[in-house]
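A.B. asks: As annotated by TrEMBL, active site, proton donor applies to 51. Per TrEMBL, the feature substrate binding site maps to 113. According to TrEMBL, the feature domain 'NADP-dependent oxidoreductase' maps to 18-290. If you look up TrEMBL, you'll see 80 marked as site 'Lowers pKa of active site Tyr'.
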Ligand SMILES: NC(=O)c1ccc[n+]([C@@H]2O[C@H](COP(=O)([O-])OP(=O)(O)OC[C@H]3O[C@@H](n4cnc5c(N)ncnc54)[C@H](OP(=O)(O)O)[C@@H]3O)[C@@H](O)[C@H]2O)c1
């Protein structure tokens with residue numbers, strides 16, 4: 001049985017509120033994960049040039065298209081412009097490389113992965129001399145041409161703070177539909193949510209489970225979100241898993257959320273979040289777990305003039 005995932009309609013774009021994440025999904029497992037997800041009802045698939053797995057994500061998507069499971073227009077494929085393509089003359093190069101790898105003619109949404117630009121060829125800077133100071137507003141303007149050319153249906157931001165979103169909104173011709181940021185009870189970012197909602201920009205929550213243990217920036221074993229006693233107890237109360245509670249926490253508040261898994265049973269489990277509701281009290285209880293903890297810190301761009309997280313306290317590394 002396939003689950004019908006609700007959508008949010010914004011600026012003519014229908015965003016499915018739950019998407020499959022693919023960061024750190026290995027090339028040899030992600031095509032199957034995408035296939036399992038689409039069969040079960042996922043339509044929103046999130047990848048990025050940075051993840052190095054667009055070819056296999058695209059393989060899973062193309063398999064589902066070629067055997068008639070879905071039509072292209074029913075899918076919502078998102079990828080991201082990496083920071084080494086921020087110079088306006090490089091933006092189309094980044095987009096074309098992603099489309100080639102995905103094996104698609106267009107994506108449904110193209111996000112700027114983050115505000116700081118890097119010179120390359122190092123994917124991530126190893127020193128400040130690798131920083132590029134292209135203004136992300138100029139990058140945005142070059143991204144707008146990609147919509148004109150039909151290479152992406154819509155545009156969005158990722159890892160932008162409210163000041164940075166505001167600058168783009170002030171100068172844009174095509175409005176960002178989403179800002180994709182880290183959000184979970186250890187980093188609720190209520191001010192950023194309030195700001196984006198006041199501007200009609202959808203917040204998409206990433207790392208809802210606290211990201212993957214191998215690359216995650218756990219403070220200690222006590223900071224494993226999926227094992228937090230409050231989250232676990234809430235799961236028992238609603239007869240749901242901690243993961244399902246953590247997804248519902250976002251959906252309940254009108255946000256969209258990305259859940260990464262390559263495990264078929266979890267991909268299915270993460271879809272079973274449309275048959276219960278958290279009370280306002282429980283949402284407040286989850287918000288009160290805040291410890292301003294980021295799992296994804298962009299530490300390598302810490303001294304970049306456009307480093308986004310200065311106005312949001314971070315935990316120690
Ligand atoms: N824009 C950005 O800068 C940015 C940054 C980070 C993430 N993202 C996007 O957001 C997506 C989600 O974030 P994330 O990958 O950081 O981490 P996440 O979704 O919070 O967590 C993924 C981890 O949770 C496990 N998991 C999944 N479902 C589970 C369940 N039901 N029960 C227990 N464990 C479960 C996964 O294991 P298995 O896979 O082994 O099942 C994996 O280890 C990413 O994949 C990516 O698409 C974007």
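Glycine too: its Cβ is placed from the backbone N, Cα and C atoms.
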A.B. asks: Can you tell which of 80, 113 has the least company, meaning the fewest other C-beta atoms within 10 angstroms of its C-beta, among these recorded positions?
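C.D. replies: Candidates: the recorded positions 80, 113. Fewest Cβ atoms within 10 Å: 113.
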A.B. asks: Which of the three DSSP states, helix, strand or coil, fits residue 51 (active site, proton donor)?
C.D. replies: helix
A.B. asks: Report the mean pLDDT of the predicted model across the domain 'NADP-dependent oxidoreductase' (18-290), rounded to a whole number.
C.D. replies: 95
A.B. asks: Taking the Cβ of residue 51 (active site, proton donor) as the reference point, list residues of the same chain whose Cβ is under 8 angstroms away and which are at least six residues distant in sequence.
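C.D. replies: Spatial neighbours, sequence-distant, of residue 51 (active site, proton donor): 22, 23, 24, 25, 57.
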A.B. asks: Do me a favour and check the Cα-Cα span between residue 80 (site 'Lowers pKa of active site Tyr') and residue 113 (substrate binding site); whole Å is fine.
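C.D. replies: With distance taken Cα to Cα, residue 113 (substrate binding site) is 5 Å from residue 80 (site 'Lowers pKa of active site Tyr').
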A.B. asks: In three-state terms from DSSP, label residue 80 (site 'Lowers pKa of active site Tyr') for me.
C.D. replies: strand
